[in-house]
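For reference, the structure discussed in these notes is given below.
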Amino acid sequence: MKRKRSPKKVKNRVAATKDVTARKNRQRLPVFNLLVAVLCWLAVVVLFYSGRLVRPQKLILGQQAPDTIVASVDFNAETLSATQIKQREQAEQVLPVFTVDHSNLERAGQALIKLLPRLRSLPETEDPERKALIRDLIAERLDQYAISLTPEELLRIIPPKDIDLKEVVTQALTGPLDNGVVTEADLESKFNGIVAHGNVAVKSGKTETIRPLDSFSLQSTALQNAVRSIAEQLPREYRDEEVIQTLVSPWLRANVIYDTAETAARKKQAVELIDPVIEPVAGGTVLIRDGDPVSEQTLIWLAAHEQRLNELETPAERIQRLAARGLLLLLGMGLAVAIAGIISRPLLRSRKKALLLLILSFLPMLFGKLFLYLTVNLQLLSPAVIDYLVPPGIAIILASVLAGGTAGILVGLWSSFALAALLDNSFEVFVLGLLVTVTAVYTTRDVKRRSTLLRAGLWVGAVKMLFALVLAVLNQPSWWVLLTQLGTALVSGLVSALLATLLIPVFEHLFNVTTDISLLELSDLSHPLLQSLAINAPGTYHHSLMMASLAQNAAEAIGANGLQLRVCAYFHDIGKLVKPGFFSENIQYTENPHDDLAPSMSTLVIVSHIKEGVTLAKKHKLPQVVIDGIEQHQGTSLVSVFYHRAKTQQQKELAADGSASSKINDEDFRYEGPRPQNREMAILMLADSCEAASRSLDKPTPVRISNLISDIFDSRLRDGQLDECNLTLAELHTIKESFVFSLTNMLHGRVAYPKDENNTDKQSDRNSDKPSETPPTDK
């Protein structure tokens, strides 16, 4: 009769197939990572040499030149002094702009409209009180208009009603005010030298005319003519010229105003139309000598000299330079990868991390090219600050937080090398990049809160500022340039940290990476799954809490990720929520359901909590590291209780009738795996077994606990469960010591408190007359 294949054997074959597939994928990883590295290298080479950027000058305005620079080729450049002379001459040809203010004429008309009716009513008023009131109102108005007359004095020139004094005054003022009135001092000084050629541009309303300066009316002459004109139009008895002059002098003032803004705008426009004066500079000319201060003319010469060198470069020379720089970048990448392989080989075994490093390695190059374009082509940034903008703080912080410190060092080393090549092989940029790398990696180790990233940004900014101060001793820039560099250094560090804080969730989602920041959020015991576990499977919940403390202490003892282990321990047994009553820690005073099941069926129920846990974890969108903990915390270990029960039943069958129903295969009683793939998962497995087994000790003394842990560790080693996790024997010994210490404290006993005999006797007397509520039981 053909035996049926057990479901467990089928699962084991599937698991074996998965192992073979995983082995093949691992074999393909070097090829994939090599392809990623080549793509990164090609992308950087293309980015560097696109757009034909002119290299920024290393010298800063005002600093002392460290070397003597001599022109190697003939070139043409602007002569700044000649251009400035030509611009100054052109600016002097621009006529100054003046405007004529007509507001005094309007004020005169309004004032007379309000004064004349009251002045004419003053003599006609017989009531003394009312007359005094009108007089006071007139005097108040005169003070308001700055007319130094009394109402009685003003009445001397108020004609009968048939003569309109307002019309007479405004007509006399209109001519000079429309023409423009100037003082003798302004005319003599030509408005303090503003008028150089005698002519001015005059704007009056929407019109503009070119007039000689002496065409304006002198204030004194205009005032005399206006007084004479007004007096001639009044009856003889009202021709008091002194009163008339006092009345109109506040309104007949200088009203020609120099328009500073319009004149400056016209001069600027005229200067901008002037082409720079280009003069030849012969090869061999000393552009600047060692120790001389860098002037604006020097920077112009250096930029023109560099541009001429680029123009003279042949296509063959350009290709040769491109090839040389490309090989240099390739050597830098090889160095960075070699160092990463020495420090942390597992980093290079992940496709996701390889792609992540590709993007993070390209990000600083993109920012570097952008800053270079803004500096050289658009001239929006000063060359003095570009060295403090390009070091890749953001990429290093992201790499360190997302993939570990080794990844941060890899990205930082490569980025520093490549950016130094971009900025004309700048040794300063390379050294600053290394300093930023070390600082960013060191300050972002074990980051669990987003605020720590801002602190890291401050440290990066502080290191850049210190580097700027060191270079200031050598280059001696001006105080303004130094302050600009210090501010740029600090702000760039903070901005890098802020951008990294915003981008971390994006990269976590794209690459399915879990940082300690996210793990800390998951360590909150108010998570719905943990709350459900506490209510429906309290024994499992308590076991998870104890195991979390046990695993975290051991992880921290060997330098592993303790927070990751705590979170994985919390969620590792959530699959038991599906059938909580089938697990011993949740069976209290009820019958054991496994008593009625065959060992193979019980094994299927027990093993299924792994798959159920993975399903629940994916449903609640738990990160992959937690799912790994659920899958790997049992590895491919044996469910020994039911395996030995099946063996016992088989032996009984053999003893009874000499035959067994089927052969017992231990593969049918194992978990599907995979086995632990790193140190954290190995500690999780060992902590799970040791915490659960320690509960079976009647007297948990330190010696017994140590022996129990040793047996479990030896069993896992012999069973091959720790073959893929890279744990050393020294680390296993440290983990064991940590487990012994933690479990000894968790399982400590209590001293029995002595009973109070008097209280006991009184209690016995008090209860002697009461019938027993519960019958005695035999123990």
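Cβ atoms are placed via backbone N, Cα and C, with glycine included.
Sequence annotations record features per position, and here TrEMBL assigns transmembrane segment to 31-51 (among others).
Distant neighbours of the transmembrane segment (322-343): 37, 40-41, 44-45, 48-49, 406-407, 409-410, 413-414, 417-418, 421; these residues of the same chain sit at least 6 beyond its ends, with a Cβ under 8 Å from one of its Cβ atoms. Annotation comment: TrEMBL describes 322-343 (among others) as transmembrane segment.
Outside the transmembrane segment (355-374), and at least 6 residues removed from its termini, the chain residues within Cβ reach (under 8 Å) are 36-37, 39-40, 43-44, 47-48, 51, 53, 56, 380-381, 386, 389-392, 394-395, 398-399, 402-403, 407, 410-411, 414-415, 418-419, 422-423, 507, 511, 513. Look at TrEMBL and you will find 355-374 (among others) tagged as transmembrane segment.
The annotation transmembrane segment is assigned in TrEMBL to 394-414 (among others).
Same-chain residues lying 6 or more positions outside the transmembrane segment (426-444) and placing a CB less than 8 Å from one of its CB atoms are 58, 387-388, 390-393, 396-397, 400-401, 405, 408-409, 411-413, 415-417, 419-420, 452-453, 455-456, 459-460, 463-464, 467, 471. The transmembrane segment feature in TrEMBL is assigned to 426-444 (among others).
The annotation transmembrane segment is assigned in TrEMBL to 456-474 (among others).
Packing against the transmembrane segment (486-507) from elsewhere in the chain are residues 356, 385, 388-389, 391, 393-394, 397-398, 401-402, 450, 453-454, 456-465, 467-469, 513, 515, 517: each is 6 or more residues past its ends and has a CB under 8 Å from a CB in it. Residues or ranges marked as transmembrane segment in TrEMBL: 486-507 (among others).
Residues annotated as domain 'HD/PDEase' in TrEMBL: 536-702.
Residues or ranges marked as region 'Disordered' in TrEMBL: 654-674 (among others).
The compositional bias 'Basic and acidic residues' annotation in TrEMBL covers 664-673 (among others).
Feature annotation from TrEMBL assigns region 'Disordered' to 752-779 (among others).
What TrEMBL records for 753-779 (among others) is compositional bias 'Basic and acidic residues'.
Sorting the compositional bias 'Basic and acidic residues' (664-673) by DSSP state (H, G, I as helix; E, B as strand; all else coil) yields 4 helix, 1 strand, 5 coil. Across the domain 'HD/PDEase' (536-702), the prediction's mean pLDDT works out to 86.
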